[in-house]
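Below is one structure; the comments refer to it alone.
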Amino acid sequence: MWLGVITLFPEMFRAVTDFGVTGRAVKNGLLELHTWNPRDFTHDRHNTVDDRPYGGGPGMLMMVQPLRDAIHAAKAAAGEEAKVIYLSPQGRKLDQQGVTELAKSSRLILVCGRYEGIDERIIQTEVDEEWSVGDYVLSGGELPAMTMIDAVSRLVPGVLGKQASAEQDSFSDGLLDCPHYTRPESLDGLDVPAVLLSGNHEQIRLWRLQQSLGRTLLRRPELLQNLALTDEQSTLLAQFVEAMDKHA
């Protein structure tokens, strides 16, 4: 996957290129990330990248010309098929379904705003989609962009050691993930569930699915409203609720 990022702080993206899963993906050639800094497209000796908004008010906006030129440079490098995304609290909220959709694109250009945002005409003429990581305001688009890159890259074939790791993540099937355990078998009087030690793969699968359904019901019940549960899932969830009521 090819990724271009428009940012005033390209150094921040070393967190993506140099560390963890995404760092290995870059090293192995599965993820290609390039940055364009609007400051490199300024024409004054101060490298000015902000400007006052029309109509007054507090704060500044990113200057149109350097930002637009940086986007054009990224588009030229990416090719016509690249999708341009502006990270904005006004955009569509990123969830696993959205991540799956974005992962189908081979080339993405992410525009990171700063100050009070960017000129609306840049959004109208240069941006294909706006995305948000939540209903809160950050100082810039860099952290949302890194969040998006990390989430999307996990779905690129070969990035994870086993594709099943991505398929079992929370939200991959609309449910929260089940509990996980490693050694020791007993920790401060808390034991690993016996079914996980049984070696019975079918029983383990059913237990994990039931725990996933139950955890979703308890922590994010609204997620279940959007799902058409199978007969198996409905039965497991009913058993979970019955067991929970008995221990209440």
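Using the three backbone atoms N, Cα and C, a Cβ is placed for every residue, glycine included.
Sequence annotations record features per position, and here Swiss-Prot assigns S-adenosyl-L-methionine binding site to Gly113, Val133, Gly134, Asp135, Tyr136, Val137, Leu138 based on sequence analysis.
Sequence features, as recorded in Swiss-Prot, placed on the structure.
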| residue | record | contacts (Cβ under 8 Å, 6+ apart) |
| --- | --- | --- |
| Gly113 | S-adenosyl-L-methionine binding site | Met62, Tyr86, Leu87, Ser88, Gly140, Gly141 |
| Val133 | S-adenosyl-L-methionine binding site | Leu87, Lys93, Leu94, Leu143, Pro144, Thr147, Met148 |
| Gly134 | S-adenosyl-L-methionine binding site | Pro89, Lys93 |
| Asp135 | S-adenosyl-L-methionine binding site | Pro89, Lys93 |
| Tyr136 | S-adenosyl-L-methionine binding site | Pro89 |
| Val137 | S-adenosyl-L-methionine binding site | Pro89 |
| Leu138 | S-adenosyl-L-methionine binding site | Pro89, Pro144 |
For Gly113 (S-adenosyl-L-methionine binding site), what is the secondary structure by DSSP, using just helix, strand and coil? coil
Among Gly113, Val133, Gly134, Asp135, Tyr136, Val137, Leu138, the annotated S-adenosyl-L-methionine contacts, find the widest CA pair distance and round it to a whole Å. 16
